[in-house]
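Written out below as structure tokens is the structure these notes cover.
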Amino acid sequence: MADCAAPVGVFDSGVGGLSVLREIRQRLPHESLLYLADSAHVPYGEKSPEYIRERCRVIAAFFVEKGAKALVVACNTATAAGVTELRELYPQLPIIAMEPAVKPAALATRSGVVGVLATTGTLKSAKFAALLDRFAADVRVITQPCPGLVERIEAGDLESADTRAMLMGWVEPMLAQGCDTLILGCTHYPFIRPLLQQLLPNDIRLIDTGAAVARHLREMLAERHLLASGDATQRFYCSGDPQRMARVLPILWGENAVVEFFPS
């Protein structure tokens, strides 16, 4: 039986999962959190499924060794490639995963046209195709891979002229085709939501799944009587350059923190 005070492990290919971690901290302030940015291997979206599955196995084993009571795969690409295997490896461990918000977007659109910004890996995955078949049969979905955007966000570049131009090159054709609802299909992308809100008409809806994941985590912990009640701590790990991650934490997490090296 896991300890209520045990931490929750959260990981992503880089710092994008901090958008999910913020939602978890807001809704579950008593939960201690372990966050691992696998920045030595970012971006996952351009890697093979087997490569990503191996990274998932390594990171999940690390969190289990640290005594984590639950695992959040805060990465759409890692979910698509690796979460099924993780659930087979750790059947007793609550594992919460990400997927693009196709269902809420299909319900929200008024024009019947939904746009998706995501990584190549997510858009090519069988899981994404299944989501479209299940929830988007009655709407038109325009998909757009976003090469280079994760790297810009990793560097804390959330509003430069180059980032603006990159985004507009992707979203303007969607708008021209009647898109009124845009899915942010990568956990990095909520960090450029403020920029998108500046660039897009006010009636364009932006949808991501960070808050839904935090709610799902709360439900799973409550079902297992694992909700914490004491003081919470956060520890950060990085397989890339910990100092580089520490520099962007004030921007993306909202405060400074020590980042420990994760040898991989």
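Quick reminder: no glycine exception, Cβ is built from N, Cα and C everywhere.
Here is what Swiss-Prot says about this protein:
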- C75: active site, proton donor/acceptor (ACT_SITE)
- C186: active site, proton donor/acceptor (ACT_SITE)
- D12, S13, Y44, G45, N76, T77, T187, H188: substrate binding site (BINDING)
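Features recorded in Swiss-Prot, as mapped to the structure shown.
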residue : record                             : CB count, 10 Å
D12     : substrate binding site             : 31
S13     : substrate binding site             : 32
Y44     : substrate binding site             : 29
G45     : substrate binding site             : 26
C75     : active site, proton donor/acceptor : 35
N76     : substrate binding site             : 33
T77     : substrate binding site             : 32
C186    : active site, proton donor/acceptor : 30
T187    : substrate binding site             : 32
H188    : substrate binding site             : 29
Cβ-centroid neighbourhood (8 Å) of the substrate site, D12, S13, Y44, G45, N76, T77, T187, H188 excluded: G14, G16, G17, V42, P43, C75, A78, T119, G121, T122, V150, C186
D12 (substrate binding site) - helix vs strand vs coil (DSSP): strand
Residue pair T77 (substrate binding site), C186 (active site, proton donor/acceptor) - Cα distance, angstrom, rounded: 8
Rounded inter-Cα distance in Å - T187 (substrate binding site), C75 (active site, proton donor/acceptor): 6
Alpha-carbon spacing, C75 (active site, proton donor/acceptor) to S13 (substrate binding site), which is rounded to whole Å: 7
Residue pair Y44 (substrate binding site), C186 (active site, proton donor/acceptor) - Cα distance, angstrom, rounded: 11
